[in-house]
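Student: These came from Swiss-Prot, pasted as-is:
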- 125-310: domain 'ATP-grasp' (DOMAIN)
- 151-207: ATP binding site (BINDING)
- Glu281, Asn283: Mg(2+) binding site (BINDING)
Amino acid sequence: MIKLGIVMDPIANINIKKDSSFAMLLEAQRRGYELHYMEMGDLYLINGEARAHTRTLNVKQNYEEWFSFVGEQDLPLADLDVILMRKDPPFDTEFIYATYILERAEEKGTLIVNKPQSLRDCNEKLFTAWFSDLTPETLVTRNKAQLKAFWEKHSDIILKPLDGMGGASIFRVKEGDPNLGVIAETLTEHGTRYCMAQNYLPAIKDGDKRVLVVDGEPVPYCLARIPQGGETRGNLAAGGRGEPRPLTESDWKIARQIGPTLKEKGLIFVGLDIIGDRLTEINVTSPTCIREIEAEFPVSITGMLMDAIEARLQQ
């Protein structure tokens with residue numbers, strides 16, 4: 001029997017209709033895996049050994065009562081075959097410390113999804129720089145004068161922090177906007193933090209597409225998140241409307257170009273954000289949208305993921 005651990009935010013607080021981690025747990029349980037539930041505070045390191053207080057978990061598709069704990073134990077993480085790191089951002093120093101603990105288990109043979117080193121290496125905004133032929137025009141800087149020059153060149157730009165999620169602190173600055181200075185100061189904290197600027201993509205009106213990639217293979221359907229009511233951001237967390245769709249030719253091209261790098265880096269479950277035919281983000285920490293896509297199309301993304309995990313465990 002495969003022992004699967006999951007590190008996640010409190011399961012009591014999730015919305016099971018939309019929660020991708022919950023979908024993964026349902027599929028793992030369907031396959032007869034033993035489920036071990038952990039929150040960040042359950043992980044610890046003693047004399048170099050990664051351990052955790054885990055609770056054995058049962059899950060069910062029931063909106064009143066979707067989980068129950070059926071046991072608890074303290075064990076070496078290396079006793080688990082696979083651990084899903086599904087803690088939501090912020091990607092802060094605490095998150096990084098957790099990846100070091102998980103890495104100690106990985107060295108003993110536990111498969112960590114996604115690979116701890118790659119979680120540290122691949123910032124969701126900055127990792128796109130390795131695929132700059134696929135992205136919008138992009139500037140990463142602390143320098144207000146450079147941001148101003150970029151804005152003057154493109155006259156309509158998006159500014160965002162490198163560590164936000166769910167559309168937090170994303171600004172659109174159009175031609176003639178008097179607020180560029182204060183936005184630049186806010187995002188860079190007066191020149192002490194990097195931020196990202198990209199030219200505005202009018203295709204956002206048709207949606208910001210979340211394309212999922214499982215062990216290098218694109219899922220054939222995506223979720224387009226469409227901004228509502230004059231909003232620039234499509235993120236569901238910012239009120240966007242989700243619309244599942246088949247991938248377009250350009251979606252396939254982007255996903256296939258990036259897929260081999262993701263696989264090689266042990267990034268087994270990744271969400272690409274694509275606007276029009278441009279790649280804007282590579283989400284590696286805790287990508288979502290599984291349930292919305294599976295509800296609309298005949299595809300089991302969690303099945304693809306567990307197949308990929310089982311294939312890696314047999315290697």
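Quick reminder: no glycine exception, Cβ is built from N, Cα and C everywhere.
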Student: Which value does the mean pLDDT take for the domain 'ATP-grasp' (125-310) in this predicted structure?
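Tutor: Across the domain 'ATP-grasp' (125-310), the average pLDDT comes out at 95.
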Student: For Gly207 (ATP binding site) and Glu281 (Mg(2+) binding site), what Cα-Cα distance in Å is obtained after rounding to a whole number?
Tutor: 14
Student: Just to verify a number: CA distance, Trp151 (ATP binding site) to Asn283 (Mg(2+) binding site), in angstrom, no decimals.
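Tutor: Roughly 26 Å, rounded to the nearest whole number.
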Student: From the Cα of Glu281 (Mg(2+) binding site) across to the Cα of Asn199 (ATP binding site), what is the distance in angstrom?
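Tutor: With distance taken Cα to Cα, Glu281 (Mg(2+) binding site) is 14 Å from Asn199 (ATP binding site).
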Student: In which DSSP state, out of helix, strand and coil, do we find Trp151 (ATP binding site)?
Tutor: helix
Student: Quick one: give me the count of other CB atoms within 10 A of the CB of Glu175 (ATP binding site).
Tutor: 10
Student: Determine the most Cβ-crowded residue among the binding-site residues Asn199, Asn283, using a 10 Å radius around each Cβ and all protein chains in the structure.
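Tutor: Highest number of other Cβ atoms within 10 Å: Asn283.
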Student: Considering Cα atoms only, can you say which of Leu159, Gly167, Glu175, Ile183 is the nearest neighbour of Asn283 (Mg(2+) binding site) among these binding-site residues?
Tutor: Gly167
Student: Cα-Cα separation of Ile183 (ATP binding site) and Glu281 (Mg(2+) binding site), in Å?
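Tutor: About 21 Å separates the two Cα atoms.
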Student: Counting only other Cβ atoms and using a 10 Å cut-off, which of the binding-site residues Gly167, Gly191, Gly207 scores lowest?
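Tutor: Selected from the binding-site residues Gly167, Gly191, Gly207 on minimum Cβ neighbours within 10 Å: Gly191.
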